[in-house]
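For reference, the structure discussed in these notes is given below.
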Amino acid sequence: MKGSHVCKMDTTKKVVLIVLPLLVAVLSISIWFSATAVDRTDGSVLFTFILNWMLGLCALEWEIYRRPISFAQIHWLFFLVFLVIAPWSQYLSDYRCWGYHATSDSLLYANWLLFGWGIVFLVVSVFPQSILYRMWRRVAQPLSKGKYLPIIKSEQRKSLDFSYSIFSYIALLLCSTICFVLLCAMAGFHNLFSKATVGLDGNNTQQLIVGVVFRAIPLFVFLFTVLGYKNSHVKRWMVVYASVLLLLTNFPTSLARVVAAATFGGLVLIFLPQLRKKNGLFILVLLVGLLVVFPAINVFRKETLNLGVALTSVQEAILGIPKGFNYEDFDAFSMFMRALDYVRDYGSTHGLELLSSILFFVPRALWPGKLYGSGTTIGEAAHLPWTRLSTPLPGEGVMNFGVIGVFLFAIFTAAICRYLDSRYHHGVADGLHFFYPFALIFFFVIMRGELMSALSVTVGYAVVYVLLLFMASKIDHVISIVKEKSFKAER
């Protein structure tokens, strides 16, 4: 399969392309009939919601038809659920997220801007790939040739083998062990199983870095160990040991929900080939996760791990699906409107917030003018009691460059998605190939926002991944040199 040719229509794809719109339609209709304020709605506002609903669903169906998994699919799923269905539910029920009251005019304005975002993203996402490929060759071709990362031949994509020496795997497991010991020293072993007690996800930069590094290392050590299990160097005990360390340092209920989704969702995508080979299957699973798992594990923000609490929260999430969007976790649309209000009253940051997000690792002691995340800025300006808020990517565009930022961010986001998807499905498979499944879900985190915190976590995991690959490759290189010198000395 070359270029943008679509793959043949298999049974799974047919089923998904039929089931997905039916599921979304049933969900939307159930929201309508369970709503409590339908009689107070504006027909023009409903029209714009329906227009965006059709755009999001048709674009998602098209992307599923084209590819099994992609960044574009993640974008359209987020667009459909968080920027259309969730606000549709909140509007019909007169639910005011974070107390925000939206007028019909502001709802119309926001919906038309999001429609423009969707159209621009759709157009740019089918931009001629040759132009983006030339950009890649000029900027990062040395990396793609495997100067630092191990090249994995295309036929190895199916076997998923990493070939390192026993010393490399021992060094990786040692790094994972150190992370576990340090986590225990900082949080206590009995506090590693609930987000309410582990205490490593605060706003403090040092706390964030520690939380990312100490969890990312055991995750990718486990990945590399399992991928290398088929060769003679990795023993079964290594896989078991890496698995135990992964669960102890990344217990699902101790992680932020989006990080848990990226951690275990990425592993599932890698080790269950059907999810990344059958068109739309992954999106269906992710949609169920958003409707059931996402709200269900919310309880562990404040509660310690308890099986009874977990089962009750899952049951409540399933029964409350029609009204499940009427709470603050689905605040993306309202935060987009708050961003519009903020720029109207105070003006945009002229890109300074974007620069602060990109340079998240620079301490404020060295950069006193560094901005806080957009959600924090909006929350403080609105005098909200809770300022750790999420601003969706279109809202980030507004905060940085005003209304024109919506379209600039749409162009840039679509171009990156287009390139990464094409590189994964049609490009050279290098060591970064196995980060793609994790990056898909981290992109969902970036879409939800806020950009500064989401980008810091995503970049942190990516840097750890690359450094571990680099370390394993360097150890192998040193071992080969030592063996070669020893062989020459014996002769």
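Just so you know, glycine gets a Cβ as well, placed from its N, Cα and C.
Nobody curates TrEMBL annotations by hand; they come from automatic prediction.
Counting residues 6+ beyond its ends, the transmembrane segment (15-33) has Cβ neighbours under 8 Å at 53, 57, 60-61, 64-65, 80, 85, 88-89, 92, 278-281, 283-284, 287, 291, 321-323, 325 in the same chain. Sequence annotations record features per position, and here TrEMBL assigns transmembrane segment to 15-33 (among others).
Beyond the transmembrane segment (45-62), the same-chain residues lying 6 or more positions past its ends with a Cβ under 8 Å from any Cβ of the stretch are 17, 20-21, 24, 28, 72-73, 76-77, 79-80, 83-85, 87-88, 91, 104, 107-108, 111-112, 114-115, 118-119, 122, 283. Here TrEMBL flags 45-62 (among others) as transmembrane segment.
Per TrEMBL, transmembrane segment is recorded for 74-92 (among others).
Sequence annotations record features per position, and here TrEMBL assigns transmembrane segment to 112-133 (among others).
Per TrEMBL, the feature transmembrane segment maps to 166-188 (among others).
The annotation transmembrane segment is assigned in TrEMBL to 208-229 (among others).
For 236-252 (among others), the entry in TrEMBL reads transmembrane segment.
The transmembrane segment annotation in TrEMBL covers 282-300 (among others).
The transmembrane segment feature in TrEMBL is assigned to 398-420 (among others).
The annotation transmembrane segment is assigned in TrEMBL to 427-447 (among others).
Residues annotated as transmembrane segment in TrEMBL: 453-473 (among others).
Among residues of the same chain six or more beyond the transmembrane segment (236-252), those with a C-beta under 8 A of the stretch's C-beta atoms are 169, 173, 176-177, 179-180, 183, 192-193, 214-215, 218-219, 221-222, 225-226, 229, 260, 263-264, 297, 305. A Cβ distance under 8 Å defines the sequence-distant neighbours of the transmembrane segment (453-473), meaning residues of its chain 6+ beyond its ends; these are 148-150, 162, 164, 168-169, 171-172, 175, 208-209, 212-213, 216-217, 219-221, 224, 259, 262, 357-358, 360-361, 373, 431-432, 435, 438-439, 442-443, 445-446.
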